[in-house]
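**Student:** So TrEMBL has the following annotated:
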- 31-141: domain 'HIT' (DOMAIN)
- N58, H130: substrate binding site (BINDING)
- 126-130: motif 'Histidine triad motif' (MOTIF)
- H128: active site, tele-AMP-histidine intermediate (ACT_SITE)
Amino acid sequence: MAARKRTGLDRLWSPWRMEYIRKADEPAGCLFCRVGGAKADARDLVLARRKHSLLMLNRYPYNPAHLMVALVRHAAQFHELTAEERTDLLDLTALAERALAAEYAPHGVNYGLNVGRVAGAGFPGHLHLHLVPRWNGDTNFMPTVGETRVLPESLEKTWKRLRAAIAALPEPGPKKGRKGGAKAR
């Protein structure tokens, strides 16, 4: 058997996503529209709601505390958003980032915005952003060899921790300096 030529590209293999892909093809409607109109936050893993956006845990996470920030209104493209919707979506994303840092202290975060099915969007008609916290050594042999994803706590426990962290954080915004101006970085 010939040795496989290495391409230099690592692969992210997530076989547990097949359940999600199969469900996404079912005519159950749009997840984000359903969750946006519902008020069952614990059941739907919704962490925060704003006028134009919502923050929720991904039920099929790549990593622990994998979050999604979705627009409440059904819109597929970023350019379709109003200025107020864009601001609301990004402010909630900033709050999510701060909650992850406060509660889980990741070493990094992958942000993803998949527009269209061929780009990887499971719900191609509804704009949403992913935040995937990353830690040194967070990938290992288990998904490849054991076909098992190791998550160190339940989604319900993660939801409770992040919900409490969000409640403890002030709303995102520029920090004020001594003279009332924004602090320079």
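The backbone N, Cα and C atoms fix where each Cβ goes, glycine too.
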**Student:** What else in the chain is close to the motif 'Histidine triad motif' (126-130), if you only count residues 6 or more beyond its ends and a Cβ gap under 8 Å?
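**Tutor:** Long-range Cβ neighbours of the motif 'Histidine triad motif' (126-130): 30-33, 58, 66-71, 74-78, 80-81, 89, 93, 110-115.
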**Student:** Using the alpha carbons only, what distance in Å do you get between N58 (substrate binding site) and the residue listed as 'active site, tele-AMP-histidine intermediate' once rounded?
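**Tutor:** Cα-Cα, rounded: 11 Å.
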**Student:** So what sits near H130 (substrate binding site) in its own chain, CB-to-CB under 8 Å and at least six residues off in sequence?
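**Tutor:** Expected: N58, H66, L67, M68, N110, Y111, G112, L113, N114.
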**Student:** Hey, what's the Cβ neighbour count for N58 (substrate binding site) at 10 Å?
**Tutor:** 19
**Student:** Check the motif 'Histidine triad motif' (126-130) for me and report the mean pLDDT.
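**Tutor:** Mean pLDDT for the motif 'Histidine triad motif' (126-130): 92.
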**Student:** Tally of helix, strand and coil residues over the domain 'HIT' (31-141) according to DSSP?
**Tutor:** 39 helix, 26 strand, 46 coil
**Student:** Would you mind listing, in sequence order, the residues at least six apart from H128 (active site, tele-AMP-histidine intermediate) in the same chain with a Cβ closer than 8 Å to its Cβ?
**Tutor:** F32, M68, V69, A70, L71, L113
